[in-house]
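Report on one structure; see the data block that follows.
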Amino acid sequence: MTLARPEDLERGSAFASAARWGAAMLAIATAHAAAAWFFVHMPPVATAPAGAPEAPILIELAPPAAEPPAAPSVEAPEPAVEPEATPPEPVPPEPAPPEPQPEPEPPPPEPVPPPPEPEPPPPVEEPPPPVEEPPPVEEPEPEPLPEPEPPPVVEQQAEAVINAPIPRARPRPPEPRREVAEKRPERTQRVERERPRPVRRQPAAPASSASRAAPDASQGQRARPSVSPARWQSQVQARLNRFKRTPRGGGTGTVRVSFTITGSGSASGIRLSGSSGNPVLDEAALSLVRRASPFPAPPDGGSISLTVPIAYTR
């Protein structure tokens, strides 16, 4: 035996109620249609006007009219008797699954003791490094003293700037004593007197005279008074300023003039190394160097090349 489901019961009751409502609507529509047909086909009743004599009443027997067929009575359908739905037997609820019992935690493993560390090997004693014997120290051989050569005369080139700060002059070195230079010829003369002079050795006299001349020359060089380069440059600057003249209508500007001062102090090779852009000032600067010549002699007695800026401010 199968039990009806609630969904099937709901569907059957809905169908039955729809059939009942449909039959009722059909019966109502049929009754209204019959009433309307009767009123349409019924003959009208003649009424006499007011005050008119009564007309004789004539009775005509008309043949019996055939009665209209009676409208078929529509019987309302009997509502279908639906079997009472038996409520489904309650299904016993399924028993809930038993909760799983927590498994007992396994006991922690016993700690494993670490393996014993290996003993370090005994240190190996390294043999001492061999002691290196120091190399024998060689005594340096005495170098022969070089013969003194006469100092070469070299031309010095420098650049002097006018209006530069003048450094302080260094003190002059003390003059060498002349006694040392005078004693050397006496010693050479004594040695020559003691030595026996053979007749054939006559060229020895020029050598002694040359040896005498060398100390005299060195003595003359040492005895010459020396002038510091800074002081000499200040003297050149003062001489240029003394002969400096501003040309008329020349304006202002700076001219660079290059020239060489010889050992005697004369100026040579005068040329224009930097123009001021004004030919009047350029020519005046060249004429200034020519007028100021001769200059003080250089301190070393050689030639010195100079490049001097000459400024005309007014």
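Glycine residues also receive a Cβ, built from the backbone N, Cα and C atoms like all the rest.
TrEMBL annotations: computationally assigned, not manually curated.
The feature transmembrane segment is assigned by TrEMBL to 21-40.
Residues or ranges marked as region 'Disordered' in TrEMBL: 61-256.
For 72-84 (among others), the entry in TrEMBL reads compositional bias 'Low complexity'.
As annotated by TrEMBL, compositional bias 'Pro residues' applies to 85-134.
Annotation source TrEMBL lists compositional bias 'Acidic residues' at 135-146.
The compositional bias 'Low complexity' feature in TrEMBL is assigned to 154-167 (among others).
Residues annotated as compositional bias 'Basic and acidic residues' in TrEMBL: 172-197.
Among the features that TrEMBL reports, compositional bias 'Low complexity' is placed at 201-215 (among others).
Annotation source TrEMBL lists domain 'TonB C-terminal' at 227-314. Counting residue by residue with DSSP, the domain 'TonB C-terminal' (227-314) contains 29 helix, 26 strand, 33 coil.
Averaged across the domain 'TonB C-terminal' (227-314), pLDDT in this predicted model comes to 88.
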